[in-house]
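Colleague: Here it is, the structure in full.
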Amino acid sequence: MSSVFTFLDLQGHINFGNRAHTINSTFGSRTWSAEANMGSSPPLAIADICDAYSHLLTNGELRPLPPVFQIYGRNKVFSGHVVTVKCFEDNVLVREFIAQEGHGRVLVVDGCGSLRSAIIGGNLAKRAQNNGWAGIVVYGCIRDVDDINLCNIGVRALNSYPVKPGKKGNGEKHIPVTIAGTRVCDGDWLYADSDGIIVSSVELAGV
């Protein structure tokens, strides 16, 4: 399927996929000029995006994650290109990703919803911050909450749990994962704020 789409926003038409950054996008009372702010992240209003692009919700191009995630880290609003990893009560692959330069990406960790160990702790969150990751979404648990909340990064997780994970290196990376019933693919785009998380198959121009 082609990744070039054109959809109507609150002001006019926006191109998805072909990066038409010459228009202004208005969400609620906030206007952001993508052309003037090329390379920067505009304020996000997830609820307004969902209202403006309800047709994308219908056809599955825009997918909200269920409201099961707690908010951690200093950055309540974040977005980026998705990198996926799946691991069950083991975080070796997660460590390998976070050791790399993030380049503003978002690491989505399918921890299979386990509440029996913490995939991310304070040290990993700080390393992710220092390496330029925009955010981490964990379908599982974290720990060292006070430390994570001091990091300039966005973190979402089901809850906190004090037990560390295994170190066997089990898991898969760069694969489609299912996060609380919602499909997320390597290469998707993720947008998060205090209202929730949405995933898009294509980058939303002007968002």
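Keep in mind that glycine also has a Cβ here, set from the backbone N, Cα and C atoms.
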Colleague: Do you know which of R143, R156 TrEMBL groups with G121, G122, N123, L124 in the substrate site?
Modeller: R143
Colleague: Any idea of the Cα spread of the substrate site, G121, G122, N123, L124, R143, as a max distance in Å?
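Modeller: In whole numbers, the farthest two Cα atoms are 10 Å apart.
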Colleague: Determine the Cβ neighbour count for G121 (substrate binding site): the number of other Cβ atoms within 10 Å of its Cβ.
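Modeller: Total other Cβ atoms inside 10 Å, all chains included: 19.
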Colleague: Around the C-beta of N123 (substrate binding site), how many further C-beta atoms are within 10 angstroms, looking at every protein chain?
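Modeller: Its Cβ has 13 other Cβ atoms within 10 Å.
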Colleague: Please work out the number of neighbouring Cβ atoms within 10 Å of the Cβ of G122 (substrate binding site), leaving out its own Cβ.
Modeller: 17
